[in-house]
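Some notes on the structure that comes next.
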Amino acid sequence: MWHLKLFAVLMICLLLLAQVDGSPIPQQSSAKRRPRRMTPFWRAVSLRPIGASCRDDSECITRLCRKRRCSLSVAQE
């Protein structure tokens with residue numbers, strides 16, 4: 001008879017352990033998190049080639065963004 005009681009207690013413990021293990025992770029604060037900044041290594045690796053679209057000089061491998069394109073020369077027509 002004590003085998004059944006021990007088995008029942010073990011099953012209840014396993015059930016409770018599974019409930020705790022499967023519980024949802026609490027939500028973190030709803031404040032917007034600031035995205036990580038790129039390190040200098042990744043900034044250099046991710047530079048765009050000549051002719052690629054760009055927003056500013058820092059995105060181009062030549063450091064010249066003209067008319068939203070990476071350029072080779074300053075005065076390109």
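Every residue, even glycine, has its Cβ placed from backbone N, Cα and C.
Which of C13, C54 pairs with C65 is settled by Swiss-Prot: its disulfide partner is C54. When Swiss-Prot is consulted, the disulfide partner of C70, picked from C13, C60, turns out to be C60.
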